[in-house]
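A short worksheet on the structure shown next.
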Amino acid sequence: MSDTKKDSWHDLQAYTSARIAQGRSGVSLPIAANLKFQLDHARARDAVHTAFNIHSFIDSYLAAFPSADAPLCVASSADSRGQYLQRPDLGRQLPEAQWQQLRQSLKSEGGSDIAVVVADGLSSAAVQRHALPLLALLLPAIANQGFSLAPLCLATQARVALGDDIGEAIKAKLLVMLIGERPGLSSPDSLGMYITYSPQRARTDAQRNCISNIRDGGHSYQQACDTGIYLIAAAMEKAQTGISLKDESMLLDSPTTTAIPFLKPSA
Amino acid sequence: MPFSVNIGHQHYVFADLKTLLAKATPARSGDSLAGIAATSNEERVAAQYTLADLPLRHFLNDVVIPYEDDEVTRLIIDSHSAQAFQLVSHLTVGGFRDWLLSDVATTESLRGLAPGLTPEMVAAVSKLMRVQDLILVAKKCEVITRFRNTIGLANHFSTRLQPNHPSDDAAGIAASIVDGLLYASGDAVIGINPASDNTQTVTRLLHLLDDVITRFDIPTQSCVLTHVTTTLELINRGAPVDLVFQSIAGSQAANTSFGVNLAILAEAQSAAHALQRGTVGNNVMYFETGQGSALSANAHCGVDQQTLEVRAYAVARAFSPLLVNTVVGFIGPEYLYNGKQIIRAGLEDHFCGKLLGLPMGCDICYTNHAEADQDDMDMLLTQFAAAGGSFIMGIPGADDIMLNYQTTSFHDALYIRRLLNLPPAPEFFQWLQTSEIMDERGVLFSGAALPPRFARALVLPGAS
């Protein structure tokens with residue numbers, strides 16, 4: 001790598017996770033930076049295409065919550081990953097038979113206050129890594145608020161709006177969906193939490209609240225749980241979610257630098 | 001009015017103009033998602049045969065979205081120049097394709113023709129063209145725009161420096177700007193996609209960019225890509241706005257879902273004009289588009305995504321933009337599934353925009369759930385530059401850490417400059433030379449030590 005040119009400003013890397021000052025071979029990316037990019041892209045692709053391992057997730061869940069009901073498992077109307085990626089409409093719908101099955105699984109006629117769904121979305125890696133630790137905080141916190149919980153539901157080939165069908169079928173007043181987000185090159189395992197009051201088909205995204213970027217280097221489980229509980233309590237009180245229900249808790253506001261320490265004051 | 005054709009023993013009927021255009025479109029996932037794509041390969045070619053025989057004049061009397069319902073249609077029809085159209089008014093769509101490729105169609109004749117073309121004519125002819133046709137004809141078009149430098153000169157190539165940061169952190173953004181400038185990026189614009197729409201954040205970023213441009217005396221322009229109404233409000237409060245940004249689409253309903261209409265765009269253009277911040281010209285608008293945006297807004301009106309994309313260019317051209325950028329692979333695989341679809345769409349968009357007289361750039365990009373990778377981006381970049389594309393994005397290491405997608409890097413721009421001998425805008429190129437970042441042959445400085453202008457201004461953390 002003797003012909004590779006290093007960039008004298010590489011110390012600026014301390015200020016951003018952007019891929020600055022990578023150096024050059026001629027005008028091109030040096031091999032080390034090129035391989036790092038390929039590795040990160042491979043991980044992001046794998047996050048999209050690796051199937052959500054439901055069985056191992058159920059084992060871990062029941063080990064963490066020994067007295068919990070066995071989770072309900074559903075799949076959207078998209079029958080393959082290829083179809084899921086090209087037909088988001090199918091990923092938003094439960095097949096009729098599954099809807100009926102969920103409805104028949106109901107133990108009480110009145111349903112429950114809150115249902116939680118864990119869904120693969122666009123990153124199974126996000127769900128495998130972050131869903132259980134988040135549930136470990138979130139489920140007890142919901143119970144502490146005095147709300148009744150439906151059995152956990154696991155969904156595959158799922159878009160956010162699949163939760164509307166699920167919530168309607170199991171008669172939940174409010175639905176919390178934990179779903180793998182579109183993976184970024186530097187964040188293949190980002191989890192999102194979507195909260196929808198009175199879930200039913202034809203709800204729009206403007207009628208949900210979202211906490212995104214739950215991952216290492218993003219929002220912590222505790223931040224996500226605290227904000228989630230704040231939004232859930234407010235939604236149950238006001239009987240709505242969406243743009244009218246702003247996050248006034250300010251928990252997710254991260255401070256930003258407004259000064260540029262490496263720039264000398266201008267003369 | 002239905003159209004029909006016999007292909008062998010098969011009789012094909014297309015119910016109306018928008019159906020014919022949709023069925024004639026080369027395959028892409030978005031049209032399948034909308035349920036309007038050809039259902040077989042033969043049906044697609046049958047539609048192309050039918051379209052090839054359609055007189056261009058037909059498009060002046062038959063629209064894809066009704067005139068009464070849609071202000072974009074009204075703009076297209078009301079602003080059409082019959083005089084400019086005369087040059088090709090005798091041609092069919094197929095004949096127009098041959099004419100465009102012929103030596104009669106020169107840079108000058110195409111410039112004169114642009115006001116006589118409607119987006120639907122241009123979309124239609126592009127559906128009958130192969131990639132090499134799209135490249136060869138687009139290369140003949142020259143569209144030059146100016147603000148603090150000159151963009152779009154033949155055999156020049158510009159880049160937008162895109163220093164995004166997930167929390168709009170000033171130091172993080174500035175670090176990417178320094179990196180980009182030292183890699184010779186930023187003549188099209190230094191443009192930030194803010195993570196927050198908060199007016200205080202946007203104001204802070206506008207001042208940050210203005211300070212950098214003033215302090216380093218860079219002949220370029222800045223933009224914070226926030227909603228036009230936010231920019232308008234900030235202009236009224238005295239913020240240093242160079243360019244007004246807005247995403248636009250090809251139907252009134254889609255633009256409504258973006259919270260814009262022609263009147264708002266005109267108001268913003270006029271407010272930015274009044275600031276008189278340009279030095280060599282006053283093209284103050286920066287538009288972004290992308291196939292599939294109308295469908296994703298549930299406002300496609302049964303029209304294929306490529307025709308809608310070109311209708312968005314009719315909106316753009318009403319406001320004499322400095323830059324129009326088709327963000328081709330951003331929206332996801334449900335609209336453009338793979339590298340092949342992204343590459344063709346990028347070249348179609350460039351061709352169609354240029355033919356209509358627009359300064360077309362391309363955000364050559366993909367998301368991680370699309371079937372695409374860096375090789376696909378290299379192919380589109382090379383073909384886009386060969387076609388005479390005006391500008392691309394420039395970002396550290398091709399990784400946008402705020403928008404979570406991959407676009408072209410500073411290195412990618414250096415590659416295409418070296419391969420095809422394409423310098424940046426002349427004013428900016430001159431600045432790079434006086435700043436000792438590039439020499440007059442376009443060779444970048446070594447990077448081993450900061451150029452004097454930057455050494456004087458920066459304190460590197462490890463340097464003390």
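Each residue, glycine too, has its Cβ placed from N, Cα and C.
Here TrEMBL has A:V160, A:E181 binding adenosylcob(III)alamin, and the candidate from A:C153, A:C210 in that same listed site is A:C210. According to DSSP, A:V160 (adenosylcob(III)alamin binding site) is assigned to coil rather than to any helix or strand.
By a simple count of nearby Cβ atoms, those within 10 Å, the most crowded of the binding-site residues A:V160, A:C210 is A:V160. Within the same chain, residues at least 6 positions away in sequence whose Cβ sits under 8 Å from that of A:E181 (adenosylcob(III)alamin binding site) are A:G121, A:L122, A:S123, A:A126, A:S190, A:L191, A:G192, A:S212, A:N213. Maximum intra-site Cα distance, adenosylcob(III)alamin binding residues A:V160, A:E181, A:C210: 11 Å.
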